[in-house]
Amino acid sequence: MKRTFILMMDSFGIGAAADADKFGDVGANTLGHIAKACAAGDIEGRSALNLPNLNKLGLGHAGELASGYFPAGLKKDIEVVGAYGFAQELSSGKDTPSGHWEIAGVPVLFEWGYFKDHHNSFPQELLDAIVEKAGLSGYLGNCHASGTQVLDDLGEEHMSTGKPILYTSADSVFQIACHEETYGLEKLYELCHIVRELLEPYNIGRVIARPFVGSGKGNFKRTGNRHDYSVLPPAPTVLDYMKEAGGQVVSIGKIADIYANKGITKQVKGTGLTELWDRTLEEVKAAGDNTIVFTNFVDFDSSYGHRRDVKGYADALEYFDSRLPELFEILQDGDVVVLTADHGCDPTWGGTDHTREYIPVLFFGKPVKAGSVGRRETFADIGQSIAAYHGLPKLEYGTSFL
């Protein structure tokens, strides 16, 4: 029985990519800088980063290969039981869909559309069309913003006026924040559908529904009912090939949204690291032959990376690491586990955006030969390796190392 489990540690980069200069990210290193800050005692309430399970899978060695130095605080003299390496991104952006699609064998070689102006970010003709088609009385925002700060700035006005908060970032996104109770969740989703259709000429990767609750400034909180409305991947992914072959592809968290539901046979919701881990272990136990279980652990990115919260990121990594033995205990002989990321989001870096970084490539399980797989020239090597293992059609991009 062959099964593959992909654990996507969203934003967990391990060193500035070779083309980081094109993105203003030379020197970024999500893993390296978190480890350095913890080991140096720079973070109140933190000691050295302790990731024994990830480290024995080769994380520290992968980090050294990618950046030239071993992550501070991790033990180097250990037996590595998995295959480890790092991968450069072919895709033109450092965004979520590009990273995920390339990992599944389909790099994004075109340029996404972006709303680059920090104020009055959206074209007036687009805003007018949204107001007319959705029957809005107006809108708030129309700017680049942090998802939490924009709630403090505009949440109360949104509640009193009923006008949705529209904002964007350096990514190819159009985000809409509305209060779940005063505006309504389904109404927010309907608005996102309308905006998704109107954005077609602009080549924007995602519309993101950002529902929140709370009574006023300082206590607004985003909920787990986020929904991403992505464009379709431009070619079949390894997930599509698995589904077409009669296998199962289980999405946990926001995976289905990122692939616009293509290649997915089952969707499982989960919010927060604890619930995502719980759901993952449940689906691993239930998985049959020729199954891919794919979980996105979004909190690394959304809760800690973008918010530049080094302590929170470090604590989350240690929690993630602490759950790995539960997975080890239930693996079967034909199982392959993949741990990777889709981009970086260095919490020590300036700004609030993603960072262009190498990603870790960690494979383990009885079918996997332990040792270095070195530098991979595309994230698609991951998808190609999964396709080869399951006897699926060869992908256009990527080289298998299994």
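Residue numbering: from 1, along the chain as shown.
For all residues, glycine too, the Cβ spot is worked out from N, Cα and C.
Annotated features in Swiss-Prot:
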BINDING   ASP10, ASP342, HIS343  Mn(2+) 1 binding site
BINDING   ASP301, HIS306, HIS354  Mn(2+) 2 binding site
I'd like to know which of these binding-site residues, HIS306, HIS343, HIS354, is least surrounded, judged by other CB atoms within 10 A. HIS306
Quick check for the class: what is the C-alpha distance, in angstrom and rounded, between HIS343 (Mn(2+) 1 binding site) and HIS354 (Mn(2+) 2 binding site)? 7
Excluding ASP301, HIS306, HIS354 themselves, the Mn(2+) 2 site's Cβ centre has within 8 Å the residues ASP10, SER11, SER302, GLY305, HIS343, CYS345, THR352, ASP353
Can you tell which of the binding-site residues (ASP301, ASP342) has the fewest other C-beta atoms within 10 angstroms of its C-beta? ASP301
Can you name every residue in this chain, apart from ASP10, ASP342, HIS343, with its Cβ inside 8 Å of the center of the Cβ atoms of the recorded Mn(2+) 1 site? MET8, MET9, SER11, PHE12, GLY13, THR96, GLY99, HIS100, ASP301, ALA341, GLY344, CYS345, HIS354, ILE359
Report, in whole Å, the straight Cα-to-Cα distance of ASP10 (Mn(2+) 1 binding site) from HIS354 (Mn(2+) 2 binding site). 11
What does the structure give for the C-alpha distance between ASP10 (Mn(2+) 1 binding site) and ASP301 (Mn(2+) 2 binding site)? Integer Å is fine. 6
Cβ density check for ASP10 (Mn(2+) 1 binding site), other Cβ within 10 Å (all protein chains) comes to 23
In whole Å, note down how far the CA of ASP342 (Mn(2+) 1 binding site) lies from the CA of ASP301 (Mn(2+) 2 binding site). 10
